[in-house]
Ligand SMILES: Cc1ncc(COP(=O)(O)O)c(C=O)c1O
Ligand SMILES: Nc1c(O)cccc1C(=O)C[C@H](N)C(=O)O
């Protein structure tokens, strides 16, 4: 065991003061986290909310086990995609009737991007971020290939240049507000405004934002958005994703995937497809009921929460993490890549280090669970609902100890640690 530097005492006092004053100090009890674990990977898989097991037990034994197929009606399974969609809608700033839950983010992206592009006929360009999560890039390529459109990979910071040069050719701009590797936060309002000024539509991938910060979809005039249920919404592994379509597009939008549950009269079993009105048209196939009801139970965590407070505490925690890293990891080969400016910071902190893989594994062995993204980023997801400033200090102190004692495998990076 190495001796902690003098600055550690000061940081510990600061952590205690921040934990005493910061709001939401008591929401940790809403999660069933293992003892003695600092969980910094909720931006990949959120932990189990305490509300989920009793609900799942009821869904399994009473609803499925006893009531069998009648549950589609008696337990309102059939309505769940739109009902749970409205609950997600409240978290992302959408009035009821515009958000739907079901399928994966990838499927929703394909569906939404195809629909958005079709609303801008005669415009041949789909814009995506070269640093976007791979599924977004692959699916943009795929939609383009199938519809004869072209893809422009342009960073959010360079969007203005592209729009100035050929804005009238852009159909859809598809970005994520938070860069999944660096944690940089992009300005949804400014980018949406710029795209709209050029006559284009926007599609936001909210995987790393929904549940972590206020997202004002309606207020910002966003056209389409998608996001997953298993990160900051804590809906469980493979939780269904959500799709938002602004009401002003409801009359005209055509989902790329026209499955039977999106039909206006699904049980009429008609020969041809007639879209259901509104957001229900985004339904595709039979909803994954177990995961969907798990997500519904998980979302009760947010019932009485103010997302502004969640954001304030998240910024306090990420700011403190950067400060601890700046103090305790100075001179040890780390480079913070997440912006220090709170306005440009999502709910994670990423540090670059050549031995990211070995360090993340060594941390996990000591109960500090983060992840890494190849080749050299240690990534710490910060969820304000169950982490404290003391947790953050413990994580950085542990990282310092591992590096200074060389207690990690310095072999080259071998792939992602989830
Ligand atoms: C921005 C973003 N989009 C999409 C996904 C994943 O999509 P899916 O839920 O379909 O695996 C992720 C992470 O897995 C992501 O970070
Ligand atoms: N979706 C994931 C999965 O099925 C397994 C492991 C990790 C993930 C992730 O969510 C990765 C994540 N989108 C990322 O930000 O890198």
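Cβ coordinates come from backbone N, Cα and C, glycine included.
Per TrEMBL, pyridoxal 5'-phosphate is bound by 105, 106, 133, 134, 135, 136, 205, 208, 230, 286; the candidate from 253, 260 named for the same site is 260. In sequence order, 42, 43, 44, 45, 46, 207, 208, 210, 211, 212, 381 constitute the residues six or more apart from residue 231 (N6-(pyridoxal phosphate)lysine) in its chain with CB-CB distances below 8 Å. Residue 105 (pyridoxal 5'-phosphate binding site): 24 other CB atoms within 10 A of its CB, across all protein chains. Counting other Cβ atoms within 10 Å of each Cβ, the lowest count among the binding-site residues 135, 286 belongs to 286. Residues listed for pyridoxal 5'-phosphate, 105, 106, 133, 134, 135, 136, 205, 208, 230, 260, 286, cover a largest CA to CA span of 30 Å. Cβ neighbour count within 10 Å across all protein chains ranks 230 highest among the binding-site residues 133, 230.
Less than 6 Å separates the Cβ from ligand 1 in the case of 105, 135, 205, drawn from the binding-site residues 105, 135, 205, 230, 286 in sequence order.
DSSP assigns residue 105 (pyridoxal 5'-phosphate binding site) to a helix.
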